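Chemist: Quick one: the structure is below, and I'll ask about it shortly.
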Amino acid sequence: MLAILDYKAGNQTSVRRALEHLGVPCAITADPAMLESAAGVIFPGVGAAGQAMSALAEAGLDKALHHVARRGQPLLGICLGCQILLESSEENAAKTLGIVPGVCRRFEDHMRQEDGSAAPVPHMGWNSLEAVAPCVLLDGIDPASEYYFVHSYYVEPDPSLVLATTTYGRTFCSLYGRDGLWAAQFHPEKSGRPGLRLLGNFYEYCRQSRQEARHAQ
């Protein structure tokens with residue numbers, strides 16, 4: 001079972017529907033015990049970093065996420081979740097979770113696309129990924145696939161963690177992580193077949209990791 005973290009920040013239901021479409025057992029929860037028992041955790045979200053951090057702290061879920069990371073449970077951050085796994089955000093000058101080294105910055109005003117046309121903020125719509133390093137989440141997905149983005153801020157994790165980049169006004173990290181902890185700036189649950197395949201790959205990684213842990217006992 002995958003746990004979808006519920007901290008009143010938006011798109012948990014769309015993630016659940018995507019997983020249910022795949023036949024993946026899942027539950028939306030704010031219960032730390034359910035997080036601990038899950039094969040993996042999805043940390044989605046839309047909204048502002050400061051408000052999200054307040055909501056996490058009020059529910060004790062900031063500590064729960066740190067426990068998930070320390071236990072080595074598979075974890076997937078999506079959009080706002082991707083951003084606040086880092087140490088800080090320029091949005092609300094927020095101190096964020098600090099599970100992953102890096103910062104979140106706002107897109108510059110008056111950006112331009114490569115063809116000279118305006119690149120308004122927020123970045124909203126479909127865009128592709130440029131793979132930087134191999135990632136099991138992208139297995140079986142056409143490299144030309146596009147994913148759905150909605151964001152005004154972009155992430156700058158430790159460069160060694162960058163798995164894919166996207167270009168919109170500037171080139172930014174759109175997928176980062178390693179060893180079962182990943183984060184996507186785009187919305188896989190809203191990205192059609194490529195996004196569903198990514199979520200399915202995450203579940204398969206979680207399932208195999210759980211089986212390996214049981215066999216090791």
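Glycine residues also receive a Cβ, built from the backbone N, Cα and C atoms like all the rest.
Positions annotated as active site, nucleophile by Swiss-Prot: Cys79. Look at Swiss-Prot and you will find His187, Glu189 tagged as active site, backed by sequence analysis. The domain 'Glutamine amidotransferase type-1' annotation in Swiss-Prot covers 1-212, and the record cites sequence analysis as its basis.
Tell me about the setting of these features in this model.
Modeler: Just so you know, the Cβ of Cys79 (active site, nucleophile) picks up 28 other Cβ atoms within 10 Å once every protein chain is counted.
All protein chains shown were included, and the count of other CB atoms within 10 Å of the CB of His187 (active site) stands at 21.
Residue density at Glu189 (active site): 26 other Cβ atoms are found within 10 A of its Cβ, drawing on all protein chains shown.
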Chemist: Determine, to the nearest whole angstrom, how far the Cα atom of Cys79 (active site, nucleophile) is from the Cα atom of His187 (active site).
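Modeler: Given the Cα positions, Cys79 (active site, nucleophile) is 6 Å from His187 (active site).
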Chemist: For His187 (active site), what is the secondary structure state per DSSP, taken as helix, strand or coil?
Modeler: strand
